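Just below is one structure, and these are the notes that go with it.
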Amino acid sequence: MSVTNSNRKRSLSEVSEGSDPEAPAKTRNSYTTDEIVMVEEVDSEIPVNISSYGDAETYLKWQNTIAKVVKSVVSIHFSQVAPFDSDNAVVSQATGFVVDASLGIILTNRHVVGPGPFVGYAVFDNHEECDVTPIYRDPVHDFGFLKFDPTKIKYMNIQALELKPSLAKVGSEIRVVGNDAGEKLSILSGFISRLDRNAPDYGELTYNDFNTEYIQAAAAASGGSSGSPVVNSDGYAVALQAGGSTEASTDFFLPLDRILRALKCLQSNKPITRGTIQLQWLLKPFDECRRLGLTADRESQARAQFPDKIGLLVAETILREGPSDIKIKEGDTLISINGELISSFIQVDDILDESIGKEIEIIIQRGGIEHTVKCEVGDLHSITPDRYVEVCGATFHELSYQMARFYGMPVRGVFISSASGSFNIDANERVGWIVDSIDNKETPNLDTFIEVMKTIPDRQRVTLRYHHLTDQHTIHVTSIYIDRHWCSEFRLYKRNDVTGIWDYENVAEPIKAEELKPHAAKFIDIPIDIPEIATLSHSLCMVSTVSAIPLDSLPVENVKTSGLVIDAEQGYIIVSRRAVPHDCLDVFVTFADSVMIPASIVFLHPTKNYAIIKYDINLVNANIITPKLSNTPMKRGDRTRFIGFTHNNRLVTSETSVTDISSISIPSNIIPRYRATNLEAISIDCNVSTKCNSGILTDNDGTIRALWLSFLGERQDNKDKIYLMSLDITDCKEVIELLKEGKKPKVSIIDAGFGAISILTARIRGVPEEWIKKMELQSENRLQFISVSRVSFTEEPVKLQTGDVILAVNDKLVTEMSQLDGVVSTADDEESQTLRFKVVREGKIIDLNIKTIYVKETSQIAVFSGSILQPPHHAVWQSMMNIPSGVYCTFRGESSPALQFGISATNFITHVNETETPDLDTFLKVIKQIPDNTYCKMRLMTFDNVPFAISLKTNYHYFPTTELKKNIESGKWIENELNKTEEKKIIKSD
């Protein structure tokens, strides 16, 4: 099971020939759901300023035309389900229009239909809705066709727009009728200014049209108008809206010539043939053609033959190993094909599309010399991917002609369209990678790649060789971890142009992980003259984790940090909870940069930001040493030695001193997730420590005094903020001792937030002078009181209130935060503890009996319609005054029905089809009764307790309902795909 996240909206620079190189950025005009602030439904009868039409007759003509056209225009709400080729997985809106009412054919853009899986529906002018499925997307040009069932539209007569490409003329007044900027209907006016511009270039690693003229006009269309008809005053479609400038009112329309041919093929049930010689032409003006070697005779002939043309086609990019490779060179001017003089892209397309498998004769001029070459025309569809593979959480397909053309490379290779999961090779670049080999086996094509992946066992580490399209000179080599348990699917998807669905087959079941063998490792002492310090390298290791599921709203990432061995005989290691936030992940320990072995999670502290893991001591043969742990808390002014790991995993050391020990409050994230609370952090005067994300503080005799840990904080500017602080080892000692005794520890806590306040503040709040004197007499480190900063919502209400000043617990004066850590016990202890609190509230001393609670880690999640649902985790209880439901959304996929229909992270689902869903089990029972591709009503509650309702359409083919549940006794996670089979699969064992 894997989850992807992506975003489609982009602004790109145009650099195509014939335009100003400093031209403003361009964008395609599809509209992303996340960018909709408010959608207003605009009535077809739009008030119009008559003066803008020149006269009343023109106004009435346009008014009548628009009234007819809007009956053909539809708003398309769609999801491109999987990352494919140049397109991310995305939910968006666009426009289309009916071109055949009887067959139910809608014309829109290719970048709307997309090259990969598509799910969508169309909304007609009268707000009737029907599903649409792709029946054709052009391999190169920016158009595609969707099909709908005309019988589903009951309350209006469907009208088709007639395509008239010949009516597009310079100076013609036009209207763009569509879903502009997410509006239900917008009508934009303009005039055609050019018919012969080259296709706009939207930049690299994205879809670009080429080998066609584009029409230019000024209509100021924006996001959502993609696929809109460009109509004249007679109501004919003369072009198709495709893109435009983000900084000017310039729009780009696709001519309808090749679209009309494709439509006729569909109407007559004939294949839409598309030929290619794998060459990109650009239209260049005659003066530039002359500079490239066009002779005067040929120029005169062309000007006479095509008096309305301003230039000829010139070879721009010739793909290596293609039919025209070597025969045609960049800068060659095209004269004729098969004896026909050529002046436009339309002529070239017409010849190539009818000549697949045949040889054509091409005359070009190069440096004033005429050359005749012969090329065999290939099938453009054959070099356009129509299948992809999902394995190890990533997606792969053959390199497309679209991508190969942009970079001038052969159309071959395995393209990673989503570098995630095991193939998360660069967190900043998810697309554009080519797999050269894996497990030391070359992968020249997708079939070979599939066969190689079949042979690799689960949990194996293999070598990956790869490069990026933007830098073909640099070959990267790395080792990757094959995950076939969390990301268990190995599926081959293939496009079905009859149904519009991408059918899939399961390629292979995971091969069981190989049995691990023990290895020896040699430690290098720390280069220091103090033997007790030098050998501490034998007690340190690197801990790395691999996560695949955004449990508890925590990031899906691979984290590496250092750990400290606390018991070498039993294999216990203490590590930051930043690396081990939950147990729905894989943990590995590396000793001496030599031996890596798996580890299991045995303890997660609910508030102190540390975890304890365990490794098999029989798998590593090395001199691992259990260090001495201090029993004395650190104090301000203590001298100590910092030992830490830099970002490149190098050990560094420095003498330092403790500058402060104070209570720290880590800011909460806007989406609640685990953070350390009620901390007293140790600050040190050491520049080296700021360069290390993990380490220890030690005495000169090697006694461990504190852990240097990384703490996950809030998310800002799309980045997680990480705090670096020291945690006194005595705060962990009680738990460590229980583990050494062979007992399983657990911690019950006072579920409230605390912070330090000064004596002055305490006096103002009403703390009596006698208690202030007690504090002054007994406090050794800092004169402070502890106050309640917040109280969590719990099943049994906490009697503390925000603002309470804590005087004593169990009759002992509270001077430090550590006195409120809660109670450490063993797993055998069923009952939580009750503590006697004495507090000052509103100037009065009161006594309270406060019951501690055990924090439950998440042990069940469900994936429904692309959303991750689970019981509210502890951070949610900490952040809210009440919990509306036990079904909490912690994440939603960027191409999912959850996003499309309005489920957001931090929403609670309270009802499904008016059935209350108080917990996840009830929710799953209700969902199992809902058929595929049907709407269900959901009532939800926002994080701020605002109720709302949505209707959501299920899609179990691409978004099945899956449950992951942990057996608390065995520690095994079980995956169950509810919509497909009742077969249960164990995917991880602790």
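Note: Cβ is positioned from N, Cα and C throughout, glycine not excepted.
Positions annotated as region 'Disordered' by Swiss-Prot: 1-32.
Annotated region 'Serine protease' per Swiss-Prot: 73-263, in sequence order.
Other C-beta atoms found within 10 angstroms of the C-beta of His111 (active site, charge relay system) number 29, with every protein chain shown included. Residues or ranges marked as active site, charge relay system by Swiss-Prot on the basis of sequence analysis: His111 (among others).
Note on Asp142 (active site, charge relay system): other Cβ atoms within 10 Å of its Cβ, all shown chains, come to 31. Under the three-state DSSP scheme, Asp142 (active site, charge relay system) falls in the coil class. According to Swiss-Prot, the feature active site, charge relay system maps to Asp142 (among others).
According to DSSP, Ser225 (active site, charge relay system) sits in a coil region rather than a helix or strand. For Ser225 (among others), the entry in Swiss-Prot reads active site, charge relay system, with the evidence type sequence analysis.
The domain 'PDZ 1' annotation in Swiss-Prot covers 290-368.
In the domain 'PDZ 2' (758-843), the DSSP tally of helix, strand and coil residues is 20 helix, 26 strand, 40 coil. Annotation comment: Swiss-Prot describes 758-843 as domain 'PDZ 2'.
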How many Å separate the Cα atoms of Asp142 (active site, charge relay system) and His111 (active site, charge relay system)? 6
For the domain 'PDZ 1' (290-368), the number of residues DSSP places in helix, strand and coil: 21 helix, 23 strand, 35 coil
Can you tell me the CA-to-CA distance separating Ser225 (active site, charge relay system) and His111 (active site, charge relay system), as a whole number of Å? 12
Over the region 'Serine protease' (73-263), what is the model's mean pLDDT? 91
Based on DSSP, name the secondary structure state of His111 (active site, charge relay system): helix, strand or coil. helix
Around the Cβ of Ser225 (active site, charge relay system), how many other Cβ atoms lie within 10 Å? Please give the count over every shown protein chain. 32
